[in-house]
Amino acid sequence: RKTLLTFGLNLSSSVVLTPGDSVGEHLPKSGITFIIGLVVDDIVVIEEHLRIHTKARVLVQFSDIALLYNEFVQAFNNSDGAKHLLFATSLPHWADVDTTSETVRRFHEAVPEVEKWTPLSLLGFATGRLMQRNLQRMDLATSDLLSGLFFNETFITVDDMQYGAYKDAEGVATAEESLSNFGATDISVWSMARALRSDEPVLQDPMSPSMVYTVPNGNALTPAQLDWCGWCRFACADTGSRLTVFLCCIMRNKRDNDNAPKELADPVTLIFTDIESSTAQWATQPELMPDAVATHHSMVRSLIENYDCYEVKTVGDSFMIACKSPFAAVQLAQELQLRFLRLDWGTTVFDEFYREFEERHAEEGDGKYKPPTARLDPEVYRQLWNGLRVRVGIHTGLCDIRYDEVTKGYDYYGQTANTAARTESVGNGGQVLMTCETYHSLSTAERSQFDVTPLGGVPLRGVSEPVEVYQLNAVPGRSFAELRLDRVLDVLDIFGEGTAASTSDYSSTLAELSETAQAIAVSLQSLMGVFTQAQRQGTLMPFCERWRVRCPRKVHPRGTTATVRRLSVALQ
């Protein structure tokens, strides 16, 4: 009742069956019926009812599916009613041989017998992996310490499964008031047809429902009172909208800085992200990119919140993220790649763009470049790549931490920020790179949860010595082109020739410019990105003369780079 009320629905009726009662007598010919605590004999009755009454739907608990899986399979196999039996789960498909889920892959390796691939066995395996991970962190294992670990960490990720948030409620709650989803996230709705065949689509994409419920009480309004209130709310609408605007004005400078690293003596782990070839994508898909980038921003921000990290800033489609925990940072980067892989982008044009770009690069090159993804078998490609590709760089170290009175937030400067940005900028789309400082900041138990490949020493611009870099294999099986070490990296390289320019060139120097200068540079990018080099030079001249910024008269490949950089600083 609480769930239905929260989402604005009503419970038409409820029936408590006694032993010997048949569930079939109470199933309606249409609508949704939720059955709790069914018995084996109910399964055949439900199958027959759903097969005959195509407008009826029956929702059962996942625990019933798991415990009585063989009976459900026997009853619903090859039945039209399978599409109308529904349940919710956060598990990936236990029998998907083409899975992208690391949990299922490990499960299949541990349990090679296909007949043992059931939801209950996968649930047990995932639980075992969770306990294995937690016990590695404990010198002494007791029930209190184990439960405390969940609440202390809030979010826990094992392979590709995330658990949490676990929040220890204040005070003592009665059983009637306590509500829990036991830490499940990314809950999707399946039909029994999908349980039988992994290629069947889910009915509801994964979501993490709110745990804030509207609790009914004895003083609830009657329908007549609600009708009267409906008339009244029109009179209040204008007042409410004005109040909303007023509150927004008050709160617009408010920023949540709770998760921002603030201690100068504590190492900070910085993450930089960037969408590969976003400038060219905007030029070729201007009608699709706004929604795609908005989805990208929303997903990244949800991960920042999930892992208690801090959004420092965004420039274009690049994120700078600060983390108190290197483990949380690496978890965030890994889940980012997995979520983008699983996301339904609603189009294939981004994948087609990357394929065409790689093929064009191969044709125009000297024959040494081999497209890493363009020539993959379509089925293999689908398991490894999907939609926009985001590169990620991670580095850990001490920072110059400053509070900005304008943005009301914290910013991070110095060599740590520069190294993190440079690490991201040499990567490829879909690739996650971390420095040895980040890797060695992880405990042995934490490292065991990630698949990494050492890449050796990598020269980074602005860093005196080559940096040991590790590749996080967030999506096993992906291959990448060589690191982009030949890139000329400066804040305004995006004004250089070529269609592969992207805002990573900004992210690589975020730590070197102020917030205002960055905003000016982004605006100039948007205005001048489609101009030729000569047109840019001519457009910049009046601004430079007005603001007394030195501007070289001769047009050369790097002319506007230095000019616009100086102009951005002068105008801030």
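From the backbone N, Cα and C atoms, a Cβ is placed for every residue, glycine too.
The Mg(2+) binding site feature in Swiss-Prot is assigned to ASP274, ASP317; the stated evidence is similarity to another entry. Taken from Swiss-Prot, the feature domain 'Guanylate cyclase' covers 269-424. The N-linked glycosylation site annotation in Swiss-Prot covers ASN10, ASN77, ASN152. According to Swiss-Prot, the feature topological domain 'Extracellular' maps to 1-225, an assignment based on sequence analysis. Residues or ranges marked as topological domain 'Cytoplasmic' in Swiss-Prot (evidence: sequence analysis): 252-572. Here Swiss-Prot flags 226-251 as transmembrane segment, drawing on sequence analysis.
In the three-state DSSP scheme, ASP317 (Mg(2+) binding site) falls into the coil class. Look at ASN152 (N-linked glycosylation site): DSSP puts it in a helix.
ASN77 (N-linked glycosylation site) falls outside any helix or strand according to DSSP and counts as coil.
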